[in-house]
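Here is the structure we will look at.
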Amino acid sequence: MDLDLVLITGMSGSGKSVALHALEDAGYYCVDNLPPELLTAFIALQHEQQATRVAIAMDVRSGVSLPIVPQQLEALRQDGVSLRSLFLDATTDALLRRYSETRRRHPLSRQEGRNDVPEQERVLVQAIELERELLADLRDGADVIDTSLIRPAQLQSYIKALISAPQSSALTLVFESFAFKRGVPLDADYVFDVRMLPNPHYVPALRPLTGRDAPVVEWLREHDDVARMYDDIEQFLSRWLDALARDHRSYVTVAIGCTGGQHRSVFLVEQLARAFGTRWVALKRHRELDAG
């Protein structure tokens, strides 16, 4: 079955509609909130119509039908469907902020006309926690994208970059820099802490620059600890990536964090993406730089 299928799931308020619009712009036929009971028949219909690119969004509104989805996805893979499952996630604080800004109601929220703000937030937190429990199995079987700190336009660009990765590649690597002070990315498969490395922040001439700028690159390359850290990460990934590919992983996110997400982590992400890009599809994300 020559069909490229992308399944979008995730937390309410995490950006699923934005992701679906990005896929639509990329030429996918998109369906939002398809009931799981109709998935197999829908895919069979797309095959009859010789569709080649289809994207489906599912979420917690599917309710009691959600547990059947993982088995359905495995059956589709066995039938030869090229399937990529993406789960959009965000921190509870980020979701609370978005609901506060949009004043939309969470699909699992039972608040009816409550005017007490603390009580509204308490009920919303309960709804978010329940949703996490209901979607746990779907999250475990998907490639997770943390949208907590990225804008809609950035999410659209990132989704398009992911789906444009060659299908012939066994694995797509995503190298992501971040600042520990703003939290560890939820989508990280591996996290490396490089805060112990020499910090260009304390060099006045380098402070306003980033790990992509030549003066910072040259300064970091002069320090042996930086080279040793790079070698250790490179050797670890080289040892295990083939095993991850054999385990049918589509994406692996390697997050590298420093204090501000501006110099050391950015430098290492750039270097590692360049090195691994010779064999694998390697994408880069600089969370703090991209956030402006």
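The first residue you see is number 1, and the count goes up from there.
Positions of Cβ are set from backbone N, Cα and C atoms, glycine also.
Because the structure is a prediction, the values reported are computed rather than measured.
Cβ environment of GLY10 (ATP binding site): LYS16, ASP59, LEU86, PHE87, LEU88, ASP89, LEU135, ARG139, ILE145 lie under 8 Å away, each six or more residues apart in the same chain. Taken residue by residue with DSSP, GLY10 (ATP binding site) is part of a strand. Residues or ranges marked as ATP binding site by Swiss-Prot: GLY10, MET11, SER12, GLY13, SER14, GLY15, LYS16, SER17.
For the recorded site, VAL60 (GTP binding site), the DSSP three-state label reads helix. According to Swiss-Prot, the feature GTP binding site maps to ASP59, VAL60, ARG61, SER62, an assignment based on sequence analysis.
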MET11 (ATP binding site) to ARG61 (GTP binding site) - Cα separation in whole Å: 11
In three-state DSSP terms, the structure that GLY15 (ATP binding site) belongs to: coil
Fewest other C-beta atoms within 10 angstroms, as judged across LYS16, ARG61, which are the binding-site residues: ARG61
